[in-house]
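Novice: So that we are looking at the same thing, I have put the structure below in structure tokens.
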Amino acid sequence: MSSSSSSLLLMMLLLLLLLLTSKLEAIPVLSSTSPSPGVRILRSSESIVAPLDDEVVFECETSLPPERFEWSYSNTSSSSSAISSSFIYLSSVAGKVNISHEYAISRLAIVVRPESLGEYRCVGWFGPLVVTSTIARLDLASISLATKKESHLNWRTAPGNSIIWPCGQQVQANPLASWSFYKNGKEIQPLNHNGTLILNNISSESNGVYSCMATNTASGVRLPIPSSMELHVTKQEGSKSPYLLFGQPTRQSVTTREGQRLLLVCPGVGSPPPIPVWSSPNVTAAVPNKRSKLLSYGLEINPVQVEDAGIYICYLDNGIRPPLELYINVRVEQAPVIVQAPWAGSLTNESDRLQLECQAKGEPKPTIYWLLNGKRSHEVNQSQLLSNGRYLVLKKVLKEHAGYVQCFARNHLGEHSAGTLLQVNPKLVNETDLVVSRPQRPKKLQIMVPPSAPNVTRLSDESVMLRWHVQRNEGLPIQFFKVQYRLINEGKRKMWQTTNENIPYGKPKWNSALGKNFTASVTNLKPQRTYRFRIMAVYSNNDNKESNTSAKFFLQRGSSLEPMPVPELVKIDEYSETAVVLHWRLSDDADEQSITGYYAYYRPSSFAGEYSKATIEGAKARSFHIGSLEVGTIYEFKLQSFSADSASEFSALKQGRTQRSKLTTTEQPIQQKGGDRNVNTTPNHNETYSLNPLLTGTIGGGALLLLLLIAFSFCLCRRKNRNGGDGRNSQNKPRLAELREDFLPLAGGGVPGSKQRQRSRHIHITLNPLDQQQQQPLDEKNTNTNLNSPHLEADPELVYFQRQQQNHPTTYDYDHGQRRLSSSSLRRSQRTLERTPGSNNNLQQIGSETTTTGQRVILKRPRLSSRSENLSSGSLNSVGV
């Protein structure tokens, strides 16, 4: 392998690693909206006017099926704005009413009698939470005359004028009556408005006697009016200024409801016929506008609005002085509407002070009252009303206050309501310390403090999100949590199901002075079913304790729900090496009051597992700090808003990273010569050299790979050179057969009559004749010493050889330059000896023919290790074993 190919391979590997570790941009993900139904009354009952002995049905519908429906009743005599406090609950047992329920709809059927007239409202129970509908009245249909005084009018006027006859002024009807008009006893279809006959551009054909009749639309009762008007249309000589006919008023007062059609008539005749001109001193842009229409006999406003109320002046002018002025006072009534609904936030601590505000508009000004779980505010402990009911103050929030708080605005036109969910975070109850038997040494026993009941939020058609809280306490530490749920149905009671996931408690320190919050999701649920949930905590003593169960939760399908605002993740700031800060916003048309908080999901971008979750309380939050992240790592984030009953779809996916680790080299400040002597050249924070840990590892790995390639190339070159040199020096190497002949075993395997040592610690083997002559005296001395030693014993592993130089003369070339080879060469020689067939047998045969006496006696192990021999060309030198 050449150095150029190694460099090319290294460059390609480095380029590939740099491409893989490059910074990824944020990937936009299309998202849709998700519903948020809420627990509320979808459709309240409407007031009904019915005749006696008729049967009427009140109906109300809730957003979710409640545990039960109830109807309450108050016997009030009028529809005034006064609030009744004497509501009683009705029952079908008495037989006077018939109550039926179907899914989330309840119906109340009742017969109209004097004792059944009054106000009704529907109540839905969702565990401890109670939702109440607005009031619906049941009134008896009626029609009557305000006065029985007869009126017969006789009018004469010139042709071309408009005649306006208020026939229905003396009629009182509930509901409003319908009118029929007659001319000379025959019914006609003229213009009319609320009992007022209008004859436009009269002529001689308009002569006759006119009368009217009122009909009650609910009961069908017809009421003849004892009044009539006889009209004579005659041509008058000369001119006459505008004037009023007998019985026509100069001032009028008109009351109407917002959204209806308003007709202001301007009675008066003249010769020639006058033309009306309209103005108003206190109504801005009253005439003309897009909703007004000028007529020859009046002014029409459709639809009328509250700002149209005021004084209107009609000027009748036909060119002859003086003109006629008519004043009309217009009053526009408006049903109550709540413009600022109360909002209790996500969680209220027990014993805190809570103030809720409710603003409403209407004409007449509505009265405001409050209900907390169906109870009037004066029946609730620690409650107080301020500013005529605009504010509800809970001076000290109690656990019994948890539930649904509703604000009602009421006038004689009806009611309007808005509500908020009040969640109370209870205080930790300090249990009495348990003391052991000896009073002088009281011992506190740690208790198992259970988690709070979970709050349930819908995530999808098959999953929910649970949120719970653990109070700050001194009890046993919690190791992890388990989620349990149970299906609620009408039949057999279902068993609790436990999820497989162990939800870790985390670090044993508190997030705040109040405790720690936790979230977990439950999947594989069935839509259109009702569930209950609870949290089981497992403690350090391996015991467990369950929380209180949640309220019943109906998992509704998303297709039938209204959308909820989806937050937009704007940017992600690198806060520190282990933390980031998320920033988001809502669209301009988003309903912030429908949001309880947000869920933040995050995971490393290179990780395809589950997301970690964090809960952000409060609808007004627009940023959040996420810590305990990895240094210099890219994460992907997404958000979703949630309420007490649902969650939105996820926001678009966005990526961000934590800060890289900083490798800082600090230099001593250098004072500049000349002008400024206090200039500090130490690099500041922004100039600190820092490397991405992943990039640093890549460079280090590349350098290591380069070193390995260089070492590998060097080894190949050394091996190639060694192979070439071995061929040239092969003639100096001894043959194995000749090498075996140099070693002859002693007969009997030992020295007769003498004990041998078990194993010699030093073995000297030499074939060099020069060394042999030098070592022979010393070897003979050592041999005699060993043979005479009483410690020598027979050892089958030891073999004694004697070299027979006289019988087997062998010549070796001696080279001082190659006395010692590497250990690898020795190992190869040893393996060659071991693989030679019959080598040991040949040695033994030769040894048997040799006498036990010789010039040399050498201790030789059967198998030589790499440390025991050094083989050179022509010499075999022994080393210490």
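Glycine is no exception: its Cβ is also placed from the backbone N, Cα and C atoms.
Summarising the annotation, Swiss-Prot assigns domain 'Ig-like C2-type 1' to 37-138 and lists sequence analysis as the type of evidence. Here Swiss-Prot flags CYS60-CYS122, CYS167-CYS212, CYS266-CYS314, CYS358-CYS407 as disulfide bond, drawing on sequence analysis. Sequence annotations record features per position, and here Swiss-Prot assigns domain 'Ig-like C2-type 2' to 128-228. Residues or ranges marked as domain 'Ig-like C2-type 4' by Swiss-Prot: 336-425. Feature annotation from Swiss-Prot assigns domain 'Fibronectin type-III 1' to 450-558. Positions annotated as heparin binding site by Swiss-Prot: ARG486, LYS492, LYS494, ARG532. According to Swiss-Prot, the feature domain 'Fibronectin type-III 2' maps to 566-661, an assignment based on sequence analysis. Annotation comment: Swiss-Prot describes 865-881 as compositional bias 'Low complexity'.
Give me the local environment of each listed feature.
Specialist: Across the domain 'Ig-like C2-type 1' (37-138), mean pLDDT in this model comes to 86.
For CYS60 (disulfide bond), the same-chain residues lying six or more positions away in sequence with a CB closer than 8 A to its CB are ILE41, ARG43, SER44, SER45, PHE69, ILE105, SER106, CYS122, GLY124, SER133.
Within 10 Å of the C-beta of CYS212 (disulfide bond) there are 23 other C-beta atoms, taking all protein chains into account.
Residue environment of CYS266 (disulfide bond) contains 26 other Cβ atoms, counted within 10 Å of its Cβ in all protein chains.
For CYS358 (disulfide bond), the same-chain residues 6+ apart in sequence whose C-beta sits under 8 angstroms from its C-beta are ILE338, GLN340, ALA341, PRO342, ILE368, TRP370, GLY389, ARG390, TYR391, LEU392, CYS407, ALA409, ALA418. In the three-state DSSP scheme, CYS358 (disulfide bond) falls into the coil class.
Sorting the domain 'Fibronectin type-III 1' (450-558) by DSSP state (H, G, I as helix; E, B as strand; all else coil) yields 1 helix, 56 strand, 52 coil.
Long-range Cβ contacts of ARG532 (heparin binding site) within its own chain (separation 6+, distance under 8 Å): TYR485, ARG486, ILE488, THR549, SER550, ALA551, LYS552, PHE553.
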Novice: Per residue, counting other C-beta atoms within 10 angstroms of the C-beta, which of the binding-site residues ARG486, LYS494 reaches the highest number?
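Specialist: Counting every other Cβ within 10 Å of each candidate, the maximum falls on ARG486.
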Novice: Could you state the CA-to-CA distance between CYS212 (disulfide bond) and CYS266 (disulfide bond) to the nearest Å?
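Specialist: Just about 21 Å between their Cα atoms.
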Novice: When you measure from the Cβ of CYS314 (disulfide bond), which residues in the chain that are at least 6 apart have a Cβ under 8 Å away?
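Specialist: Set apart from CYS314 (disulfide bond) by at least 6 residues yet with Cβ under 8 Å, we have LEU264, CYS266, PRO276, VAL277, TRP278, GLY298, LEU299, GLU325, LEU326, ILE328.
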Novice: Which residue, of the disulfide-bonded residues CYS167, CYS407, has its CB surrounded by the fewest other CB atoms within 10 A?
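Specialist: Candidates: the disulfide-bonded residues CYS167, CYS407. Fewest Cβ atoms within 10 Å: CYS167.
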Novice: To the nearest whole angstrom, what is the C-alpha distance linking LYS494 (heparin binding site) and CYS167 (disulfide bond)?
Specialist: 70
